[in-house]
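These come from TrEMBL:
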type: TRANSMEM; residues: A:6-25; note: transmembrane segment
type: TRANSMEM; residues: A:41-64; note: transmembrane segment
type: TRANSMEM; residues: A:70-88; note: transmembrane segment
type: TRANSMEM; residues: A:116-135; note: transmembrane segment
type: TRANSMEM; residues: A:167-184; note: transmembrane segment
type: TRANSMEM; residues: A:196-222; note: transmembrane segment
type: TRANSMEM; residues: A:248-266; note: transmembrane segment
type: TRANSMEM; residues: A:286-309; note: transmembrane segment
type: TRANSMEM; residues: A:329-362; note: transmembrane segment
type: TRANSMEM; residues: A:383-403; note: transmembrane segment
type: TRANSMEM; residues: A:415-436; note: transmembrane segment
type: TRANSMEM; residues: A:448-470; note: transmembrane segment
type: COILED; residues: A:632-673; note: coiled coil
type: DOMAIN; residues: A:680-900; note: domain 'Histidine kinase'
Amino acid sequence: MLSFNVLVLACLCYASFLFVVAFWAEQRAKRGRLGWLKSPWIYTLSLSIYCTAWTFYGAVGYAARSGLEFATIYMGPTMVMIGWWWILRKLVHIGRSQRITSIADLISSRYGKSTVLGVLVTVLAVIGTTPYIALQLQSVALSFAVFSQAGNEGVTGAATLPDLNVTALWVAAGLSLFAILFGTRNLDANERHHGVVTAIALEAIVKFIGLLAVGVFVVWGIGGGMADMLARIDASPVSQVDLDGTRFITLTLLSGAAFLTLPRMFQVLVVENADEDHLFTAGWAFPLYMFGMSLFVIPIAVVGLNVLPEGSNPDMFVLTLPLNYDQHALATLSFLGGFSSATSMVIVAAIALSTMVSNHIVVPLWLSSRKDSATYSGDIRAVVLLARRVSIAVVLALGYFYFRLSGGSEALAAIGLISFTGLAQVLPAMLGGIFWRGATRTGAIMGLCLGFTVWAYTMFLPSFGAAAGFSTQVLDNGPWGITQLRPQALFGITGVDPVVHAVVWSLALNSAVFILGSLMSFPRPVERLQGAQFVNVFDHSGPARGWSLGRVEAEDLLVMAQRIIGSAEAQSLFQNEAKAQGKKGYLPDPTPAFMDGLERKLAGSVGAATAHAMLGQITDGAAVSVEDLMAVANETAQMLEHSNQLEAQSNELARTARKLREANEKLTEISIQKDAFLSQISHELRTPMTSIRAFSEILRDAGTSGTKLDEASLARFSGVIHDEAQRLTRLLDALLDLSVLESGQVFLTWERHDLHDVIEHAIEATGQGLDGADLQIKRDLSSEHIILDTDADRLAQVFINLISNARKYCQAETPVLHIKTRRQGLNIQIDFIDNGQGIPEQKQSVIFEKFSRLGDEAKAGGAGLGLAICSEIAHNLGGSISYLPAQGGAGFRIDLPQTRQLP
Amino acid sequence: MGKRVLLIEDEPNIIEAIRFILSRDGWSVEIQSDGARAIDAVRTKHPDIVILDVMLPGMSGFEILRLLRQDPAHADLPILMLTARGQKKDRDLAQSYGVSAFMTKPFSNADMLETVRSLVAQAHQTSKDVTPDEAAAESIENG
């Protein structure tokens, strides 16, 4: 038999194990070896604090009472994780970029770092969460009681029933110790609490296995498998419950809203998030987790109602079913699951609430009490840490007292939805804040206050019944008999489910007032800046500037920063900034950027509003004035514009410079080419002229001086003059031709010709059969008959050039020139290939350049313009000429379009 | 006289013209058309003057000039450069390599003859100043 003491021992062992795990994780994180500790799975599992003891135990009770309605609790978050992931992503992004420490900080920070809003949300969260903590304490105490009852039945009357209150007190004390130890190690609330997160991830696994084990036992152990189970469910009253559609949808939406706004959920979802990408894993894995958690709820409820005696508490079926069948190990596992659910929720909620309480209530109060001494020595860290630790103890104490006061009554069971509704009041301000730039502080305050009031009036206070003055009389007839104000039938709307009534009225009035208030009020400058940063969080590469004052002394800033984030860290922060500014030492210029970064850093420790207020005290004892901020905002906009313009200009300049450089290079190249060309022309012209002048002088001198030349010399010399004069003429003709071709001003006579005729004409013109009879020309006459649009004379000029080149330069024993023609699509190819030595590879690229000659071609009388002219002609005819390598000789290919290509 | 000219040139008609002009004046003219073999030709033929074209197959006239001047044996050899590219930078380059005289094609026959004569006479004069013994021997011979 499992005695109560053994159970306590098991419980203590489990708790110690959690301590060890948390401690180990913390140490590992300290050494920077996070490894899988920052995996998306840990993140996903940590989200499971959504499933508290209320869902672990209560879901079965819920199902036993209201059938499938319990599923709404799981459907809301699933809807958020899958359908609203973009809201989550934006929240997480904002949380990380703004170093948000809690949901109160988010709201306060968004609406101009408003202290009022911070306090409001904090109070709301404390009021909404305390009963929930009480609920957890109660469920743990109850589960202990269930075990001890079971134990006592075995050993009749031996031990006294343990006092529920004492149990709850011990549990509360143990939990606050854990939360203080692992939740307040670092001051920077924005840093991850690896120990806590790892421990709750472990607890998530324990409760999952616990519930699943009980479910499997119920279906296959007690029931006879799936088929039997389905039959039982059909027969059970659970499936007979009529679902109220409106209530179902409302509850689903409410759970979804609570998933975003519960302080503990915000803590794990946003504050503890280490990587935005983890959301993608959590997006599908967490809904699966919840599906697993809800899978066996109905079977357990059905079997519990079936098997256990009438009047058994259905909230405890998860424990009493295994105990009823003497499955003590299973019951213990299930107990540990419930224990895990309760403790993990309480720990995270306590940490989240303590951060809010200390940052938004305690520290501002403390600061204002010593307003003149913000820069004095004395460690604010100690104050903040102490505030946070005390807050944890106080929050748990509040929970405990609530538990005591409510007497552990059944009334607590309803507190889950009441708590959800209360915290959902933050939703309009939150969503409005991150999606609507027009949302203002005034609107948010008004909406929150009204929503909170309506919630308290229609839901929270009536839950206390007569104790809070909400007697049946008030509920039925309204206060002072004003029926319009009946708490559960406002303005005469009756017949609505009380929960739906409260949710719809509170949220509708909240949203309406929030929107109206925002539209009718004017945002302060800080709100505008913050609003822009929140709404456009994905567009902002840098933060908008909030500080602009040169009056700040860097030393004061350092003194204050040291007190908040510690000496070493503050000094290294300042030193790095000074270094980045190119200064030595620890005192950088208090630039707006630095002030902004510093504020953000401080905000990670004490919250945005407090950090802003503290910096404000140093910057001339007051917050930045409206004018300053407007000026800054304008300046920022102007600077942005100016820098964009500058960037554009500098790009433009770079482009211009590049163009100029290119143009210059081109000009230089052209100039070099021109020099070379002129030099070449000069050479080509002067060489024949030299011979002409020299010989003509000889002839002239012979005429004048009387020294006779013999007839042979006379003939020879005048022959040279004649030849060289002709060479000059040819050269000039070629140059002229080239110049016309190059300028594109050549007059072409486009006509249809048979390619065969053109080739025939060219061969005739090269004097085949006269002085060069030794060059054989081989053709395939049948393939030559291609009709094309061309200038026949120009094309023939190209052919003539190629043929005479072959005649002049082909060194083969029996020189042969092959002329091959073929159609290639719309083009015609004409190849001229001889059987000589060909052209060396390194020369192939330059042979179409002007004046390029191979070796001593000059003797052949060419000026090196022939191929250049060929190339120009081919180009003018819409085609090209290229050297064909590897043909066993010199090979040239002419490509021509068959029909004229109009440019 | 009986002085020898080495003409380094590759244009056949120009070779013929210069050869005609100089031989008529009593010079013996030798020809080298390949730039690559020009320096060897100078070393083996010991000409009194070299007429050097710029555009040559095998090796450019400038390169030949530079290599010749590097050799102390040819430091004082009269070298007349001919070029068909009458640019100033060519002239400057030749000057920097130590050319004796520079002429642009086309030239007048008389100028050419005159330049060759004076260059050789100059060189002769210089060598007389440097070696009086040789000059004395020559005067005795002449006497």
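Backbone N, Cα and C atoms are what each Cβ position is placed from, and that goes for glycine too.
For the transmembrane segment (A:286-309), the partner stretch with the most Cβ pairs below 8 Å, chosen from A:167-184, A:196-222, A:248-266, A:383-403, is A:196-222.
Counting Cβ pairs closer than 8 Å to the transmembrane segment (A:248-266), the top stretch among A:70-88, A:167-184, A:383-403, A:415-436 is A:70-88. Among residues of the same chain six or more beyond the transmembrane segment (A:167-184), those with a C-beta under 8 A of the stretch's C-beta atoms are 15, 18-19, 22-23, 26, 137-138, 140-141, 144-145, 193, 195-196, 199, 342-343, 346-347, 350-351, 354, 385, 388-389, 392-393, 396-397, 399-400, 403-404.
Panel annotation: around the transmembrane segment (A:196-222), residues 18, 21-22, 24-25, 37, 41-43, 45-46, 48-49, 51, 56, 178-179, 182-183, 229, 268, 272, 289, 292-293, 295-296, 299-300, 303, 307, 318, 321-322, 325, 327, 330, 333-338, 340-341, 343-344, 347-348, 351 of the same chain, lying at least six beyond its termini, place a Cβ under 8 Å from a Cβ of the stretch. Sequence-remote contacts of a segment are chain residues at least 6 beyond its ends whose Cβ falls under 8 Å from one of its Cβ atoms, and for the transmembrane segment (A:70-88) they are 50, 55, 59, 62-63, 248, 251-260, 269, 279, 282-284, 286-287, 290-291, 293-294, 297, 416, 431, 434. Residues belonging to the coiled coil (A:632-673) score a mean pLDDT of 74 in the model.
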